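The structure appears right after this line, and notes come after that.
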Amino acid sequence: MEKHENVSWMYQQELKDPFKKYLNNTDDYLALLCGPRRSHLFLPVTAVYALIFVVGVVGNLLVCLVILRHQTMKTPTNYYLFSLAVSDLLVLLLGMPLEVYEMWRNYPFLFGPVGCYFKTALFETVCFASILSVTTVSVERYVAVLHPFRAKLKSTRGRALRILGIVWGLSVLFSLPNTSIHGIKLHYFPNGSIIPGSATCTVIKPMWIYNFIIQVTSLLFYILPMTVISVLYYLMGLKLKKDQHLEADKVTANIQRPSRKSVTKMLFVLVLVFAICWAPFHIDRLFFSFVEEWTEPLAAVFNLIHVVSGVFFYLSSAVNPIIYNLLSHRFQAAFRTVIPPSCQQQHSHNHSPGPSMQRNIFLTECHLVELTEDVAPQFPRQLSVLSSQLPTALCTGQVPRKELAKS
């Protein structure tokens with residue numbers, strides 16, 4: 001995340017210029033200009049970050065591993081979830097350590113202009129890639145629910161990879177404006193000499209440029225996408241509710257609906273959690289961009305928002321694997337194939353499966369296939385095009401890949 005609290009502190013201190021000449025101590029003068037060298041919330045926030053780091057890194061590595069390892073997990077939808085996991089790992093492994101270091105030592109910034117550009121570009125790129133990935137998977141799910149035959153033809157792995165290439169390319173491109181206005185700022189004594197250890201990574205161009213960029217990107221990469229996503233899931237909800245009242249093709253519905261509803265439910269929860277976790281981040285940025293004159297009460301409110309937004313920002317990088325494990329039986333089964341047996345045995349003693357949640361899972365050396373998300377009630381013996389070949393084909397491993405690559 002971008003560090004704004006020191007910037008707001010600097011603006012407050014511009015009103016106190018007459019008192020600067022009375023400060024002869026370098027540390028005191030630097031503290032007046034840049035604020036405290038170490039955040040007073042360093043210890044509690046670091047403890048929270050450490051927990052998020054462990055859960056997020058382990059969880060997202062598992063997500064990446066099961067998608068790469070199991071052929072049947074390489075679906076278009078899972079490719080978008082893989083992209084989210086990669087962006088989360090970038091934030092946790094590269095962004096969080098920088099954030100913790102800056103909380104421990106706000107200044108000087110030790111990594112030079114290149115490090116400043118990298119830090120800014122990283123957070124901007126991940127921010128844009130995450131929301132674009134969530135938007136894309138929501139559009140794919142919308143097509144799969146409302147236009148299933150079109151999705152069957154067009155929703156392919158190759159298409160998903162091409163879309164993800166565009167997503168990450170656009171994310172890097174749109175990160176450049178904000179990155180270009182950041183740099184290393186040095187502070188000076190009244191006599192014009194540089195204050196030792198005063199280098200900070202911050203905005204070095206006129207603030208109106210920064211404010212404009214933040215307001216535009218918040219609109220394009222949060223407000224508009226979340227509005228579109230909300231409409232899409234509303235329409236999907238209407239469609240799924242309508243399907244519940246249809247009596248025709250009971251066997252087909254019995255096979256398709258549980259999986260379709262389960263995946264849609266999981267993605268809806270994913271989007272909802274994403275929106276909640278990222279809202280403070282954008283509130284933080286917009287708050288800073290709209291304040292023209294800083295006062296102590298405004299600075300106090302902003303600093304509180306900044307801390308909360310930081311926790312939720314990193315929390316969003318850790319919760320996705322938990323959502324997959326809770327709401328997707330396919331991911332649950334895949335996780336079991338990569339988790340050490342000792343951990344699985346301990347978990348099985350505490351959570352024995354009940355009869356109401358039976359699953360038909362077939363594990364081979366290269367495949368992990370789940371027939372249905374939940375066991376649905378049995379209908380009288382009827383056959384359809386979909387139901388006639390599904391059980392035997394799965395058991396013999398002769399199902400074409402395109403049949404297994406369900407969204």
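Every residue gets a Cβ built from N, Cα and C, even glycine.
Residues annotated as topological domain 'Extracellular' in Swiss-Prot: 1-47 (among others).
For Asn6 (among others), the entry in Swiss-Prot reads N-linked glycosylation site, with the evidence type sequence analysis.
Taken from Swiss-Prot, the feature N-linked glycosylation site applies to Asn24 (among others), supported by sequence analysis.
The feature transmembrane segment is assigned by Swiss-Prot to 48-68 (among others).
Taken from Swiss-Prot, the feature topological domain 'Cytoplasmic' applies to 69-79 (among others), supported by sequence analysis.
What Swiss-Prot records for 80-100 (among others) is transmembrane segment, and it gives sequence analysis as the kind of evidence. Within the same chain, residues 1, 46, 49, 52-53, 56-57, 60-61, 63-64, 67-68, 119, 122-123, 126, 129-130, 133-134, 136-137, 140, 160, 164, 167-168, 310, 313-314, 316-318, 320-321, 324 sit at least 6 positions outside the transmembrane segment (80-100) and bring their C-beta atoms closer than 8 Å to a C-beta of that stretch.
Along the topological domain 'Extracellular' (101-120), the predicted structure has mean pLDDT 88. Per Swiss-Prot, topological domain 'Extracellular' is recorded for 101-120 (among others).
Under the heading disulfide bond, Swiss-Prot lists Cys116-Cys201. When secondary structure is read from DSSP and collapsed to three states, Cys116 (disulfide bond) falls in the helix class. Cβ neighbours within 10 Å of Cys116 (disulfide bond), excluding its own Cβ and spanning all shown chains: 21.
If you look up Swiss-Prot, you'll see 121-139 (among others) marked as transmembrane segment, on the strength of sequence analysis. With a cut-off of 8 Å between Cβ atoms, the residues of this chain six or more beyond the transmembrane segment (121-139) that come close are 1-2, 77, 80-81, 83-84, 87-88, 90-91, 94-95, 163-164, 167-168, 170-172, 174-176, 178-179, 217, 221-222, 225, 228-229, 232-233, 267, 270-271, 274, 278, 281, 316.
Look at Swiss-Prot and you will find 140-162 (among others) tagged as topological domain 'Cytoplasmic', backed by sequence analysis.
Cβ atoms under 8 Å from those of the transmembrane segment (163-183) belong to residues 79-80, 83, 113, 116-117, 120-121, 124-129, 132-133, 136, 201-205, 209-210, 213-214, 217, 220-221 of the same chain, restricted to positions at least 6 beyond its ends. For 163-183 (among others), the entry in Swiss-Prot reads transmembrane segment, with the evidence type sequence analysis.
What Swiss-Prot records for 184-211 (among others) is topological domain 'Extracellular', and it gives sequence analysis as the kind of evidence.
Sequence annotations record features per position, and here Swiss-Prot assigns N-linked glycosylation site to Asn191 (among others) based on sequence analysis. DSSP assigns Asn191 (N-linked glycosylation site) to coil, not to a helix or a strand.
Feature annotation from Swiss-Prot assigns transmembrane segment to 212-232 (among others).
Per Swiss-Prot, topological domain 'Cytoplasmic' is recorded for 233-262 (among others).
Sequence annotations record features per position, and here Swiss-Prot assigns transmembrane segment to 263-283 (among others) based on sequence analysis.
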Three-state composition of the topological domain 'Extracellular' (184-211), taking helix and strand from DSSP: 5 helix, 8 strand, 15 coil
For Asn191 (N-linked glycosylation site), the number of other Cβ atoms found within 10 Å of its own Cβ: 5
